[in-house]
Amino acid sequence: MTDLKNDRYLRALLRQPVDVTPVWMMRQAGRYLPEYKATRAQAGDFMSLCKNAELACEVTLQPLRRYALDAAILFSDILTIPDAMGLGLYFEAGEGPRFHSPITSHADVVNLPIPDPEQELGYVMNAVRTIRKNLAGEVPLIGFSGSPWTLATYMVEGGSSKAFTVIKKMMFAEPKTLHLLLDKLADSVILYLNAQIRAGAQAVMVFDTWGGALSGRDYKEFSLRYMHKIVDGLQRENEGRRVPVTLFTKGGGQWLEAMAETGCDALGLDWTSDIADARRRVGDKVALQGNMDPSMLYADPARIEQEVASILAGFGQGNGHVFNLGHGIHQDVPPEHAGVFVEAVHRLSRPYHA
């Protein structure tokens, strides 16, 4: 494998010295870029784009051609695992993801297969290998998965949800069924992420998009417990390097201490957390990633720079910060505003690493 020309993202995750704060953006390969829209049109639909290694590679690399980003992230979807379990993923116009066969009973959970990442999810591994080859050591590649809780919400609700009443009914009325489902999902995620690492992912991230819908007690029992199991099961070394793992619970700022106890390397923060407070609480244990409100990219360039400066000052001197948005970039943000953001992070962060 090629040596990395820019490893500051990996170094920052391990709280090692860097020259400037590394930056990437969640959903950096996406609909805000006209070139992405053109490639997606060529693929026909979203899942066809994910399943074509060459096109998935192309959209992964597109933002790197525009911006001096410090990492690439695999172009895929968190719902690849439930799709590979046979739930029949499809996308409803204006509705988002849906499943033809959602989980409705204990028997459904018992019968769920654990997918082989090199078979049913082989298209993801092909994409990882293709991207690594084409990156040619420019920046590291991030692999990812959804968290067991977040995947379960889609599988039990049958798609996106606002109130999570169906899965919460299962959680309170049939907790054993939900625990069995989450356990199977954790095993599947471990296999899936380890396969991504073997295929060439140099860091991995677990997206717990809906953990913030839970009470503190339920978060620990139904979400964090299974992310902890994943962290314990991951291959943490490959190609002679540590493979850092980042956990991100959207709306999880009140649980950072418990999250840091899992043994992960870094925690993602959304914009509702104060990064100075987060560093005081857990900065001795983990790196922090975040945390500008993605909507700030609608602002004028001077305001974007001001916000970047404010977050950098909040984190303060030293290492262990990866700059990112607090969630995915919005699809109607002007691409040049993303460029202002990336450039500002590098330029304004240098004094913090002197």
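Even glycines carry a Cβ here, placed using N, Cα and C.
Since we're looking at a predicted model, the values are computed, not measured.
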Binding-site annotation, Swiss-Prot, substrate: partner of Arg27, Gln28, Ala29, Gly30, Arg31, Asp77, Tyr154, Thr209 in His106, His321, His327:
His327
Which one of these binding-site residues has the most other Cβ atoms within 10 Å of its own Cβ: Arg31, His327?
His327
Measuring Cα to Cα, how far is Arg27 (substrate binding site) from Asp77 (site 'Transition state stabilizer') in Å?
10
Test of understanding: give the count of other CB atoms lying within 10 angstroms of the CB of Ala29 (substrate binding site).
25
At a 10 Å cut-off from the C-beta of Asp77 (site 'Transition state stabilizer'), count the other C-beta atoms across all protein chains.
17
